[in-house]
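Here is what TrEMBL records for this protein:
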type	residues	note
TRANSMEM	63-80	transmembrane segment
TRANSMEM	92-112	transmembrane segment
TRANSMEM	119-139	transmembrane segment
TRANSMEM	168-191	transmembrane segment
TRANSMEM	212-231	transmembrane segment
TRANSMEM	237-256	transmembrane segment
REGION	332-360	region 'Disordered'
TRANSMEM	386-408	transmembrane segment
TRANSMEM	428-449	transmembrane segment
TRANSMEM	461-482	transmembrane segment
TRANSMEM	514-533	transmembrane segment
TRANSMEM	595-617	transmembrane segment
Amino acid sequence: MHQKNSLKEANKQEERIDVGGDQVSEFVQDDSVDFKGRPSVKATSGRWRAAYFIMGTELLERCAYYAISLNLVIYLVEVLHEGTGQSVKNIFNWGGVSWILPLLGGFLADAYTGKYRMIVIGLCIYFLGLLFLTLAVSLPSMKPPQQPACASSENCEFFSATQTQIGFFYFALYLVSVGVGAVKPCLSALGGDQFDEDDEIERPSKRSFFNYWWFPIIGGSTIALTLLVYVEDHVSFGLGYGIPTAGLAIAILVFLSGTPWYRLQRVLQGSPLTQVAQVLTAAVLNFRVAVPTDPSLLHETDMQKQTKKNLKRRHLLHTDSLRFLDKAATPRNWKEEDQQPDCSTKVSPDIERRSGSSTLSNVSPWRLCTVTQVEEVKLLVRVMPIWVFTLMFLVVVSQSSSFFVSTGKTMDLSMGPHFKISAASMDLVANITALLMILVYQFCFIPLARRFTGNERGISMLQRIGVGLVISIIAMIVAAVVERKRLQLIKIHGLQNNQTAPVPMSIFWLTPQYSILGLAQVFSYLGLLEFFYDQAPDGMHSIGSALFASNTGIAHFLCTAIVDIVTSASGSQSGSGHHQSWIVNNINKCRVDKYYWTLAALSAINFCIYLVVAHWYTYKKVQVHEDDAESRKVVLQLTNEPNRLVEARTNY
């Protein structure tokens, strides 16, 4: 009976449905499965229906994250009584850990658990962290006693928080980081998996998905900025943290509700790190072997004979960069006379038999790897320079939750005669700008640019990122000019030692710099998200998304390093005049304008190097083999530059 059912299941996988006279597979072509391990049916799984559950989860998760991060500097300074410089560094350190841990989460998801299970585990840890954090800011025993306000903060003496209070608060805060590390690399990657890259109808939706992914991020941060930050400032941090804690519980239910419709990628057997190590080891062991100029002589498996565990892995076309790694895919018995003079794509039967023979297949993967394995390692190596030289962009973006808020807090927060906004709520300007520009980018810019470039995306991913880098430089220049104006008014009105009296300058002077940063994120932030997902090898999309997240994490630590260097190199904390450091505990005495100019200069230098790195980058090329009615091999080459579908046919 069991064998009979298995036979029926096997026969079912071979069924085909007729669409417009063509035979089309009923199942998704990328080897996706449902939550029970069965092949995903194209008509009833994935696509936008499944993506909406994932985007809803992202909205509630981002709401919780931004409810903490956007106003954290205020809690650290006003409740835990940390200095301005120390609080900013603590925020950067926490943000750095929160955005680096996705590397671990992405690795574990791709190697062991899969994205779905990692998200469920991460959400549960996330919830516990928020629960503990709510207790830390709510219970009187978990925070220092309140101090009556005084006219001059220079002469105020505050009760210090105990080690137990500080320890419990930061334990809860970093437990949230662990949850973020598990959830962040997998949610966007799982959303991208709901669209089949090999399907001509679903491929454009997959491109659009990463643009629309900004909507739940904006939605979550908008709720935090308009409602939760206001509650934290005017009611209590306890209620301000309690609401997103309840929201994350709802997020868990939302995510689980979409389970029947998710397309889940099978976890490839073996750790991605092991595969990388195999290529490096084989390349070293074969260092005396000459690499043939004809790439068809390199070892590759026959896609028609792949084992089930590797069914989802598409072949990657050979690229000429990093030629030393090609030694890992070079058989030791290749012959010079086998090379074709023109190095064309035509492959002789003799070469085909030798490069894909069972003899080579039985060789240890630590001695001989496939072209696809080598190209996957090349991909990881090639994206690293892009990863490095986009760090400064994320350093600039990080200022919106640190120094922008600290300086904005000292300004006139009035919005009409009877209402005051929170300084952290100004980030809403960036969100609104990004929301509007995403629509303009998707429906106006892409179709217009496509007419000139022929690129499906309008412009390439690296060009998009580069535009954002330039805009971020402009944002820092504008921020420096506005900050200089604030300092001039402080000097005129003698407010250097009075941080409680507002500077007679509306906080809406910060609107331009927030708005420009929002525009920069439409280009660079979303461009980076799509780039790292798209260029990641098959089976490593979570790691690809984690590279994007870790970029943000390293940027936070880089922020801390820059603040430390600027603080020590520009003067001393106790000095005065030209001998005073640019960054001191009194925000009214800080020379944040010079700090912004420094970031603008570093960003400009970084952009020049980025241009060189981007120019030499080679995009991923994927091939899919099929046999047509004339018994010819069809190679579908999917490239991202200019991202057209190229079909090359080779007769045997």
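Note that Cβ sites are derived from N, Cα and C of the backbone, with glycine treated the same way.
A quick note: this is a predicted structure, and the numbers were derived from the prediction, not measured.
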With a Cβ cut-off under 8 Å, give me the same-chain residues at least six positions beyond the ends of the transmembrane segment (386-408) that come close to it.
69-74, 84, 88, 91-92, 95, 423-424, 426-427, 430, 462, 465, 468-469, 472-473, 475-476, 479, 483, 486, 507, 510, 513-514, 517, 520-521, 524-525, 528, 531-532, 547, 551-552, 554-556, 558-559, 562, 587, 592, 595-596, 599, 602-603, 606-607, 609-610, 613-614, 617
If I count Cβ-Cβ pairs under 8 A between the transmembrane segment (212-231) and each of 92-112, 119-139, 514-533, 595-617, which range comes out on top?
514-533
Contact call for the transmembrane segment (92-112) against the transmembrane segment (461-482), three or more Cβ pairs under 8 Å:
no
Counting only residues 6+ away from its ends, which parts of the chain sit with a Cβ under 8 Å from the transmembrane segment (237-256)?
53-54, 56-57, 60-61, 63-64, 67-68, 71, 75, 79, 119-120, 123-124, 126-127, 130-131, 133-134, 137-138, 224, 227-229, 231
Quick check: do the transmembrane segment (514-533) and the transmembrane segment (428-449) share at least 3 Cβ pairs under 8 Å, counting only pairs 6+ apart in sequence?
yes
Could you check if the transmembrane segment (168-191) is in contact with the transmembrane segment (595-617), meaning 3+ Cβ pairs under 8 Å among residue pairs at least 6 apart in sequence?
no
List, by number or range, the same-chain residues at least 6 past the transmembrane segment (119-139) whose CB is under 8 A from its CB atoms?
57, 61, 64, 68, 75, 79, 105, 113, 165, 168-169, 171-183, 186-187, 190, 236-238, 241-242, 244-245, 248-249, 251-252, 255-256
Folded-back contacts onto the transmembrane segment (595-617), same chain, C-beta under 8 angstroms, at least six residues removed:
382, 385-386, 389-393, 395-396, 399, 403, 462-463, 465-466, 469-470, 472-473, 476-477, 479-480, 483, 562-563, 566, 582-583
Are there residues at least 6 beyond the ends of the transmembrane segment (63-80) whose Cβ is under 8 Å from a Cβ of it, and what are they?
86-88, 90-91, 94-95, 98, 126, 130, 133, 137, 143-144, 161, 165-166, 169, 173, 176, 180, 219-221, 223-225, 228-229, 232-233, 237, 240-241, 243-245, 247-248, 251, 401-402, 405-406, 409, 422-424, 427
